[in-house]
Every structure is written in structure tokens, then in C-alpha cells.
Amino acid sequence: MVWVFIMNRMGSQGSTVAQQRRMALGVVILLLVDVIWVASSELTSYIFKRQEYNKPFFSTFTKTSMFVLYLLGFLLWRPWRQQCTGSLRGRHAAFFAEAYFTPCINDTSLNDHTLSEPLYVPVKFQDLPTEQTNCVNGDCDSTSKKQRVRFSNIMEVRQLPSTQALEAKLSRMSFPAAKDQESMLRTVGKLTVTDVAKISFFFCFVWFLANLSYQEALSDTPVAIVNVLSSTSGLFTLILAAVFPSNSSDRFTLSKLLAVALSMGGVALVSFSSMDSPDGKGATGSLWSLAGAALYAVYIVMIKRKVDREDKLDIPMFFGFVGLFKLLLLWPGFLVLHYTGFEAFELPSKLVWTYILINGLIGTVLSEFLWLWGCFLTSSLIGTLALSLTIPLSIIADICMQKVSFSWLFFAGAVPVFLSFFIATLLCHYNNWDPVMVGLRRVFAFICRSKHRIQRLPEDSEQCESLIPLHTVSHDNESFCS
């Protein structure tokens with residue numbers, strides 16, 4: 001017994017050490033991603049301003065089209081190939097999934113958040129054997145008789161929603177059956193290649209416009225100001241999620257209102273500080289940054305409404321198709337911008353080509369993969385909070401590398417935006433948490449208790465004053481009579 005306890009203790013310590021190493025590796029990867037993103041933004045600003053190649057559309061099109069490299073997973077990743085091949089095993093898995101899980105997945109008669117309408121079914125009870133009691137001289141012990149509980153003859157049956165019915169059926173499967181279909185069960189509920197391609201086609205335009213707005217902002221504004229204003233995407237997400245909720249956790253609360261107000265005040269100060277730029281383009285860059293943040297929030301909210309669970313969508317495959325559709329569909333934008341005079345088409349020099357390709361491969365493709373890996377090793381909350389570190393890193397980079405001097409308005413506005421980003425992230429992670437409302441309720445309850453105590457004090461004092469004279473008078477009368 002002692003040996004078993006020691007082995008379990010060692011195993012738990014080993015798992016704890018493994019979790020700590022996993023967390024440490026994830027944090028290091030997320031910090032590396034922050035450095036890569038800030039360096040990518042600084043390199044983009046260097047290309048636009050120092051190399052005099054101010055082509056935001058060309059830069060955005062080239063770098064985001066490199067997402068198509070993710071589609072090499074169909075050649076290197078076996079699960080992706082199995083989704084495209086018509087092998088017997090794949091057909092058998094598809095048939096098994098369709099026969100076993102389709103009634104759960106495709107059941108549209110149920111509400112996703114409530115149970116079905118009650119169905120009353122008669123119940124037939126089995127007859128219980130009669131109990132024999134020992135009676136002596138006709139006297140029976142009444143305590144020996146067991147009391148019976150009478151149940152209703154009708155039972156109420158309600159059906160789970162489709163999202164929970166799928167997990168319920170999976171839980172009732174035996175372990176050997178689940179083990180035999182392990183490869184298939186990983187893909188149950190996941191979107192097919194066709195579905196992922198359709199979603200990518202719909203969202204590639206919004207994603208491209210969000211990135212184009214960010215690149216346009218970098219061409220007119222320092223990187224630090226762009227990153228501060230771009231961090232307001234979380235606040236736009238809170239607002240849009242409240243207007244177009246996808247689940248109960250998207251309701252608007254007082255805490256979210258406070259975060260929005262705090263962010264709006266910081267954005268106003270940062271925008272005022274950008275107006276002091278000598279070329280007069282600071283306000284334009286601020287508007288581009290806010291537009292990019294709003295478009296990214298639209299992308300987040302709409303894809304959440306389209307895909308209810310994040311594990312249903314294969315993120316690398318999604319980005320791969322996004323890059324493919326951008327490459328195939330958005331090239332006419334060069335002609336439109338060239339002939340309208342907004343951005344003349346011009347191929348860059350070899351040096352600029354090298355910068356753009358390196359920036360696209362490392363700052364776009366690799367960084368996205370590393371960020372997803374870091375979130376997998378840690379958590380989505382830590383991964384989102386890690387994004388806020390780009391704000392101080394970009395400020396340091398602009399001061400040290402670009403020799404940019406910021407006014408006090410910028411720092412006064414960056415602090416509330418930075419804090420609102422933390423608040424928005426925590427509120428999104430902990431669903432239905434409203435600390436402001438909880439605090440107000442406690443303060444109100446404390447004031448009510450204090451007011452009630454103050455009202456009771458005069459009444460108690462009056463009672464004491466009325467009792468003391470009576471007591472003394474009665475005492476004096478007793479002494480006089482004696």
C-alpha cells in the first residue's frame with residue numbers, strides 16, 4: 001500500500017513538472033511571437049518610409065497570400081489527406097459517422113440552449129413481491145412493515161439539445177468501440193474540407209480589409225500608435241457580440257460598459273497626440289487603425305456565429321484557403337487602384353522583395369502558427385493577454401530605432417487602452433462575470449444595513465430613557481415604604 005502511494009505521488013509530481021515545462025515553453029513561444037509581430041510592423045514601416053515603397057495593397061496582398069503555404073498540409077499531414085481520399089476506411093468512417101451521429105448533428109427541431117417540449121409517457125411498474133410479517137398471538141409489529149413510496153404513473157421526458165446529445169452518445173459508447181473508431185471520432189463534428197473552404201471564401205474579404213487597414217495605418221503613423229489603437233478590437237468585439245450574440249455569454253454588462261468607456265477615453269487621447277505629426281497624416285493613420293480594429297472585430301464575431309465551437313474549424317486549413325482565395329480573387333485590385341490613381345502598380349527592388357518575403361514568411365505565416373501553438377500549450381486567455389505586450393514593445397522599438405518622441409497625451413491614453421484590453425480579455429474568458437454589478441450590489445447592501453442601524457439607534461435610546469426613570473422611581477418608592 002505504501003509503495004502504491006509513493007508511485008502515485010511520484011507520478012503526480014512528474015505530471016506537475018511536465019505541465020510546468022509545457023506552460024514555460026508556451027509562454028516563451030508567445031513572447032517570441034510578440035517580438036516577431038513588433039519586428040514585422042517595424043520592418044513594414046521601414047519599407048514604406050525609408051525604402052520609399054509605400055504600397056500597402058501590394059504588401060498586404062503578398063504577405064497574406066503566403067497563407068496558401070498552409071495547404072501543403074494536404075501533402076504532409078495524413079488526416080487532411082484522408083479527408084480528400086476515397087479510401088474504404090474513409091468511406092466506412094463517413095458511413096459510421098452519418099449513421100450514428102447525423103441525427104444529433106442535423107437535428108434542427110431543437111433549440112440549442114433549451115430542452116425540448118415535455119413528453120408524458122405512462123410508466124408500468126413491476127409488481128413487488130408481498131412481504132411476509134411475523135405475527136405472534138395475532139399481534140403484528142407495525143414497525144416491521146416497510147413504508148412504500150407511491151410514484152406517479154406518468155413520467156416527463158425532455159430531449160437534450162443537439163450539441164449535448166452528441167456528447168451524450170459518445171459517453172455511452174464502450175471503450176473498445178471508441179478505440180476502434182478513434183481516428184474517426186477525432187473528426188466527428190468537425191467541418192469538412194468543403195465547409196472550411198466555403199467559410200474561408202466568405203471571410204477572406206473581411207480579413208484582407210482588416211489587414212489592409214493596418215498596413216495603411218503603418219504608412220502614415222508610428223507603429224506604437226497603430227498598435228495601441230488596434231488593440232481596441234477587443235472592445236469592438238464586446239459591442240458587436242452584444243448586438244449580435246451567439247450565446248448567453250455575449251450579453252452586455254456594466255463591466256463591459258466600463259471597459260468600453262475606458263478604451264474610448266484612451267483612444268481619444270492617443271488620437272489627439274497623433275495630430276501633432278509634422279506631415280499632418282496622424283489623424284488619417286488613427287482612422288485607419290480604428291477601421292482595422294473594427295473589421296477584425298466583425299471577422300471575430302461573424303465567424304463565431306458561423307462556427308459555434310472552435311474545435312470544429314481546422315484553423316491552419318482555414319488560413320490556407322484564405323490565402324488561396326486572396327491569391328485567386330483579389331489580384332484585380334491592382335488594376336483598380338492603378339487606374340484610379342490610389343496606388344500605382346510598381347514592382348519593388350530586389351532588396352524590398354527580400355524584405356517583403358521574409359516579413360511574410362516569418363511575420364505572417366510562421367508567427368500565426370507559433371501563436372496557435374503557444375495558445376495550445378498555455379490557454380486562450382494567456383495567448384490573448386500576450387497580444388497586449390506588443391504595445392510596450394512597439395513603444396520601446398519606436399523610441400530606440402525610429403527615434404520617435406511621444407507627447408504626454410500618448411502615454412496618458414495608452415494606459416487606459418492597455419487596461420481596457422486586459423479587462424475585455426478577462427470578461428470574455430469568464431462568461432457572465434460582472435464584477436462592477438457585484439460591487440454595486442454589495443455597496444448598496446452595506447448602505448441599506450447602515451441606514452437601518454442608524455434608524456434603530458434613536459428608538460433604542462428612547463426606550464432606554466423611558467425605562468431608566470421608571471426603574472429609579474420604583475426603587476425610591478420601595479425605600480420610602482420601608
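Along the chain as shown, the residues are counted starting at 1.
Glycine residues also receive a Cβ, built from the backbone N, Cα and C atoms like all the rest.
What TrEMBL lists as transmembrane segment is 57-77, 191-210, 222-245, 257-275, 287-303, 315-340, 352-373, 380-399, 405-427.
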Quiz item: Which range out of 57-77, 222-245, 257-275, 315-340, 380-399 gives the transmembrane segment (352-373) the most CB pairs under 8 Å?
Solution: 57-77
Quiz prompt | Contact set, same chain, for the transmembrane segment (315-340): CB under 8 Å, 6 or more residues outside the stretch | solution = 57-58, 61, 64-71, 73, 80, 193, 196-197, 199-201, 203-204, 207-208, 368-369, 372
Quiz item: Taking a Cβ cut-off under 8 Å, which residues six or more beyond the ends of the transmembrane segment (191-210) line up next to it in the same chain?
Solution: 60-61, 64, 80, 83-84, 292, 295-296, 298-299, 302-303, 306-307, 312-314, 317-322, 324-326, 329-330
Quiz item: By Cβ distance under 8 Å, which residues at least 6 away from the ends of the transmembrane segment (287-303) in the same chain are close to it?
Solution: 199, 203, 206-207, 209-214, 216-217, 220-221, 225-226, 229-234, 236-237, 239-241, 244, 246, 267, 313
Practice problem: Quickly jot the same-chain residues contacting the transmembrane segment (380-399) by Cβ under 8 Å, restricted to those at least six beyond its ends, or write none. | Solution: 26-27, 30-31, 33-35, 37-39, 41-42, 222-224, 226-228, 231, 234, 371, 374, 405-406, 414, 417-418, 421-422, 425-426, 428-429
Quiz item: Counting only residues 6+ away from its ends, which parts of the chain sit with a Cβ under 8 Å from the transmembrane segment (57-77)?
Solution: 44, 47-48, 84, 207-208, 211-212, 215, 316-317, 319-324, 326-327, 330-331, 333-334, 337, 343, 345, 348, 356-357, 359-361, 363-365, 368
